[in-house]
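Structure, as structure tokens:
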Amino acid sequence: MCSVLAIALVVALLGDMHPGVKSSTTSAVTSPSNTTVTSTTSISTSNNVSSAVTTTVQTSTSSASTSVIATTQKEGHLYTVNCEASYSYDQVSLNATCKVILLNNTKNPDILSVTCYARTDCKGPFTQVGYLSAFPSNDKGKLHLSYNATAQELLISGLRPQETTEYTCSFFSWGRHHNATWDLFTYPIYAVYGTRLNATTMRVRVLLQEHEHCLLNGSSLYHPNSTVHLHQGDQLIPPWNISNVTYNGQRLREFVFYLNGTYTVVRLHVQIAGRSFTTTYVFIKSDPLFEDRLLAYGVLAFLVFMVIILLYVTYMLARRRDWSYKRLEEPVEEKKHPVPYFKQW
């Protein structure tokens, strides 16, 4: 007991002799984000003996991007989309078909959604005109979209726009996003007329009118490189004759084709100075020029027939009259009768 009291007395004396001695307690904490914090603890005693406060904070922060890979993501299929526009001859309804063509395998791509946009100028924003999704959606646009999974075709229908319009459709599938752009030129195609010349040959006249639009970059229909082709199967048929005509007071460009067989619909491909129109299905109407000519030929044939009949009747009457005059002019020969014979008795 005496020894313990002696030790305590020695410690107290040493504290009074060295009041500037400092005692520090250091603790190091490592945070989960690699941040090291070093701090000291300050202790005050009733004898005014204080431990020096020494605080050192060392922070080491490391930043790294976090990448999350979904293990359920499917491999995207490589494919392209080709769109063709068509409209009825009366130019009221619009129909378009976008064909999905696979490049890397024979499986059909899983199209999740398709959104179509349109604009009438080349610099303005696109406006959504149609939407189709594999999930239920209430978004209705100006165009009706339906997808044929068997044929891998997107079918688009609606009212034909009143002016040339640029369309683009965005196809979203697993891991892929593809845009398909196509144009619908409304005004250049004035009319398409067809005439059946015989059982194996058909004459088609395509009438186009001048059209100015920003998509044409200032080009003209009368440019030497501007032309029209018709599709007959896999063949592109060039025009047989190109000329300028005036129809109903309008200046038009006429392209004449001769096709083998009889058609009610033709695939039209127009190119104006390097800018190609979307291939368009155009319904053929009977050629009014041919109908007018046919009517004129019919009337002319009828008149010729009537003239021939009249000439024939006139000839017959004249011949008969001439025969009558000849009968009158001929001298009448008296018939010599034999001398009466009387029998002698």
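Note: Cβ is positioned from N, Cα and C throughout, glycine not excepted.
According to Swiss-Prot, the feature domain 'Ig-like V-type' maps to 91-190. On the 0 to 100 pLDDT scale, the model's mean across the domain 'Ig-like V-type' (91-190) is 83.
Annotation comment: Swiss-Prot describes N34 (among others) as N-linked glycosylation site.
Taken from Swiss-Prot, the feature N-linked glycosylation site covers N48 (among others).
What Swiss-Prot lists as N-linked glycosylation site is N95 (among others). Other C-beta atoms found within 10 angstroms of the C-beta of N95 (N-linked glycosylation site) number 16, with every protein chain shown included.
Taken from Swiss-Prot, the feature N-linked glycosylation site applies to N104 (among others). Within 10 Å of the C-beta atom of N104 (N-linked glycosylation site) sit 11 other C-beta atoms, taking all shown protein chains into account.
Within the same chain, the residues at least 6 positions away from N148 (N-linked glycosylation site) whose Cβ sits under 8 Å from its Cβ are L154, L155, listed in sequence order. Under the heading N-linked glycosylation site, Swiss-Prot lists N148 (among others).
Residues annotated as N-linked glycosylation site in Swiss-Prot: N179 (among others). Around N179 (N-linked glycosylation site), the same-chain residues at least 6 positions away in sequence with a Cβ under 8 Å from its Cβ are T168, C169, S170, F171.
Positions annotated as N-linked glycosylation site by Swiss-Prot: N198 (among others). N198 (N-linked glycosylation site) carries neither a helix nor a strand DSSP state and counts as coil. Summarising the environment of N198 (N-linked glycosylation site), the number of other Cβ atoms within 10 Å of its Cβ, over all protein chains shown, is 7.
What Swiss-Prot records for N217 (among others) is N-linked glycosylation site. Other Cβ atoms within 10 Å of the Cβ of N217 (N-linked glycosylation site) number 11 in total over all chains.
In the three-state DSSP scheme, N225 (N-linked glycosylation site) is classed as coil. The N-linked glycosylation site feature in Swiss-Prot is assigned to N225 (among others).
What Swiss-Prot lists as N-linked glycosylation site is N241 (among others). For N241 (N-linked glycosylation site), the same-chain residues that are 6 or more apart in sequence and have a Cβ closer than 8 Å to its Cβ are E254, F255, V256.
The Cβ of N244 (N-linked glycosylation site) lies under 8 Å from the Cβ of Y222, R251, L252, R253, E254, each of which sits 6+ residues away along the same chain. Annotation source Swiss-Prot lists N-linked glycosylation site at N244 (among others), citing sequence analysis.
In this structure, N260 (N-linked glycosylation site) is part of a beta strand by DSSP. Residues or ranges marked as N-linked glycosylation site by Swiss-Prot on the basis of sequence analysis: N260 (among others).
Look at Swiss-Prot and you will find 23-43 tagged as region 'Disordered'.
For 1-23, the entry in Swiss-Prot reads signal peptide, with the evidence type sequence analysis.
As annotated by Swiss-Prot, topological domain 'Virion surface' applies to 24-293, with the evidence given as sequence analysis.
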**Q.** Per DSSP, three-state class assigned to N217 (N-linked glycosylation site)
**A.** coil
**Q.** N225 (N-linked glycosylation site) CB neighbourhood, other CB atoms within 10 A
**A.** 10
Q.
Just to be sure I understand, if DSSP states are collapsed into helix, strand and coil, how many residues of the domain 'Ig-like V-type' (91-190) fall in each?
A. 0 helix, 58 strand, 42 coil
Q. Reported as an integer number of Å, what is the Cα distance between N217 (N-linked glycosylation site) and N104 (N-linked glycosylation site)?
A. 36
Q. At the level of the C-alpha atoms, what whole-angstrom distance separates N225 (N-linked glycosylation site) and N95 (N-linked glycosylation site)?
A. 28
Q: Work out how many Å separate N198 (N-linked glycosylation site) and N95 (N-linked glycosylation site) at their Cα atoms, rounded off.
A: 32
